Amino acid sequence: MKPRNLINITDFTPKDIEAILSLAEKIIKSPEDFSHSCDGKILGTLFFEPSTRTRLSFESAMNRLGGSVIGISESGSSSTTKGESLGDTIHTVSHYTDIIAMRHPLEGSATLASQHAEVPLINAGDGGHQHPTQTLTDLLTIHQTKHDLDNHVIGLCGDLKFGRTVHSLITAMSAYPNNRFILISPEELQVPDYVKHFLDSKNIAYEEVERIEEVIDRLDILYMTRVQRERFFNEADYVRLKDSYILDNEKLKNAKEDLAILHPLPRVNEIQPEVDDDPRAVYFDQVGYGVIVRMSLILSLLGMGEL
Amino acid sequence: MKPRNLINITDFTPKDIEAILSLAEKIIKSPEDFSHSCDGKILGTLFFEPSTRTRLSFESAMNRLGGSVIGISESGSSSTTKGESLGDTIHTVSHYTDIIAMRHPLEGSATLASQHAEVPLINAGDGGHQHPTQTLTDLLTIHQTKHDLDNHVIGLCGDLKFGRTVHSLITAMSAYPNNRFILISPEELQVPDYVKHFLDSKNIAYEEVERIEEVIDRLDILYMTRVQRERFFNEADYVRLKDSYILDNEKLKNAKEDLAILHPLPRVNEIQPEVDDDPRAVYFDQVGYGVIVRMSLILSLLGMGEL
Amino acid sequence: MKPRNLINITDFTPKDIEAILSLAEKIIKSPEDFSHSCDGKILGTLFFEPSTRTRLSFESAMNRLGGSVIGISESGSSSTTKGESLGDTIHTVSHYTDIIAMRHPLEGSATLASQHAEVPLINAGDGGHQHPTQTLTDLLTIHQTKHDLDNHVIGLCGDLKFGRTVHSLITAMSAYPNNRFILISPEELQVPDYVKHFLDSKNIAYEEVERIEEVIDRLDILYMTRVQRERFFNEADYVRLKDSYILDNEKLKNAKEDLAILHPLPRVNEIQPEVDDDPRAVYFDQVGYGVIVRMSLILSLLGMGEL
């Protein structure tokens, strides 16, 4: 039997996700019940592309479960520089570890890697493609903050064209009844057509607007994203657009009292620091939920969850 | 309540320092009593500037307490390269860890970081400014070697201008009665005026001399420092001065039998290897005390000490 | 008493090796009996030259024993860049750890380091010289696969001139009765004269051939090696020779049914991936045995084995 992996958030059925979130809630309630669950287990963190935040979140999760972590955090120190194939590297690391979290700059690399892994493999980001543990983090944050995953008006703001977390969140939240999406972006950075086709095919309501102010009063959830310099084709476009979608206290005046403001972080200036003290800002709580949901995922893939 | 931090050695009162040293002595006597004190706890080591020695000392300390360690050891792999503020990075890492040790090239960065940390933060060096755990290490070494912290003639030798550990040690030892300082350095590398003003204001005796040989017979403690190439403005000055203050067996002939020779390490050639076998050389014992005092500090800041 | 080290495979007598392999077999049979053997112990991994595979293998071994790991994985982040001697670095790290595994690009560095270490030191590779834990890995793999270490026809194929693992394996297997060696390589990459003199002096049978096909049907063990680009003096030679010794299913048609194919990995293309599914391919099992034998070695050097 091949081990279970998480490559793409769509690998998980809504029932799978429910199991992950349900176990996460148990961990939140009694973390001490899980502090030795992974005693003697080893997580391998293979980061062929740097991502401090994601790597530390996985490491924290495994340590909180009593397990240990080994890994690489830069491609330069890997055997792949000696001409080894990614498959061989993964096959080898399978013998050192009980579960692997891999980040790699090439799209599709996680799928390839999972074919050579002899332990469960988690995709911690492959190129612009997929980053499913961020989506699980977002779902847990929404669930903990709003108490359910349905009947929400969800605003997504910023770079909706290249932001993989946005696409995954739309897909994931579309599985729950009566969610509606408001897509807030400059024309140049609208969601790709395949996302719109997906929403149309499911008969899910969405609208596209250009300014936060137009819609802020209707939102239950506002998911801000960073305008990533590295996604732009030229510097001039980046400079022109990067400050267009900045959230501040002024823009929040007309927002609902129970709005939840999320952000995958890191941010540059798309949310002003003054917003941090607003009780509706949950993006730093989101960081903590990211650790919890990875604990739940590790347990589940190792067969100690409810998956 | 904000967590307790250690940014500057002056954050600690003499009573605080006594509590740290007292717990350190208990650890030395029965290390096994503390080998599970930090089970399930995570230390974050954020080294935005490389410092193998300090980082490994903290990691060893946390592992000896049963805790685990996650971190970064180079600025290049951090989210700060994506434009994130230091405050956001620290706020985020607070959610991954129970206590943070940070080293950063900019003066004042540790104070800034502590304002965003939600867990205790230890300054593991910020620019040329402060390195308080080195001072705690020095104090524990003196206390263990000389059995008390007062009534000592303390020679400080080498680069006294740029050496932050020297300034901190003078400040710290000035709090105990009847210590006197002999400052041994070339004129160009004398202690800064503010240190002399501090000593004058406290009526503490000190003298400045140019040669070790003049004073070696009067010293109870000799604190050697490295002539750091990176502190010099030009290479010619470095070459001219670097060998001026080299300790060897010849110079030690007139020293007291119970002299204690300390050095913060690493050394280049300012102490000849032949001195290593002299029982008065305690600079490698000092390395061991550095681990112990960090164990004591971690426990204390986590509320498990006597602070 | 100086601690016991492993610098050169010849430091170990056949009786020592038997003790290491015997403990390794106990670990294979009941890993859970050893999962807390190193609780509270720290392994220092000092990799002054990158080697992901070897480093991760050591880290996995220590974690599987319940111990923790601290270390450096690149020379750039070490104090040696500040002019510190290797001896001082090792002396210092001795105070942070209970056992050290060191890899260094200079031949002889491990011997030097062991003179300054105050804890057991394992040579994890020093230049082109020695890599004794690879040899222990090879011996355990042969012992587990063939059930004994004597009476084998052992083919060694590829770069036999620069490949240190080959020289060590020949030395080690020569200690057991009735082993014979078939050395398969291009003329330019034959084993050095000192190896032939060693075999002659021990009256051990060997022959040198140029093509795998000539001898494949006679082999009990086939040890493939990588043609390392970095060992060649010029690119033209590398390109001409690198594909000469590629193992594939075609070449294996005449091989014995109980042939064991080993490779120290990483491979480039000297073994075609189609061979991986052949039950005679044990090179990935070899990776797992590498972890086990390092567990045995760590326990033994810490005085918890049968050494």
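Cβ coordinates come from backbone N, Cα and C, glycine included.
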Margin query: A:R53, A:T54, A:H131, A:Q134, A:L265, A:P266 show up in TrEMBL as binding carbamoyl phosphate; which entry in A:R103, A:R180, A:R218, A:R229 does that record put in the same site?
Written below: A:R103
Next item on the list: Take the C-alpha atoms of A:L265 (carbamoyl phosphate binding site) and A:R226 (L-aspartate binding site) and report the distance between them in angstrom, rounded.
Entry: 8
Notebook entry, point to check: Around the carbamoyl phosphate site recorded as A:R53, A:T54, A:R103, A:H131, A:Q134, A:L265, A:P266, what other same-chain residues have a C-beta within 8 angstroms of the site's C-beta center?
Noted result: A:S51, A:S57, A:G125, A:P264
Check: Cα distance, A:R103 (carbamoyl phosphate binding site) to A:R164 (L-aspartate binding site), nearest Å?
Finding: 14
Check: Per DSSP, how many helix, strand and coil residues does the domain 'Aspartate/ornithine carbamoyltransferase Asp/Orn-binding' (A:154-300) have?
Finding: 66 helix, 23 strand, 58 coil
Checklist line | Segment-level pLDDT (mean, integer) for the domain 'Aspartate/ornithine carbamoyltransferase Asp/Orn-binding' (A:154-300) | finding: 92
Next item on the list: Go through the binding-site residues A:R103, A:L265, A:P266 for me and flag any whose C-beta is under 8 angstroms from a C-beta on chain B.
Entry: A:L265, A:P266
Notebook entry, point to check: What same-chain residues, at least 6 away in sequence, bring their CB to under 8 Å of the CB of A:R103 (carbamoyl phosphate binding site)?
Noted result: A:L46, A:F47, A:F48, A:E49, A:S51, A:T54, A:R55, A:N123, A:A124, A:G125, A:D126
Note to self: Please list, in sequence order, the residues in the chain of A:R53 (carbamoyl phosphate binding site) that are at least six apart in sequence and whose C-beta is under 8 Å away from its C-beta.
What the structure shows: A:L265, A:P266
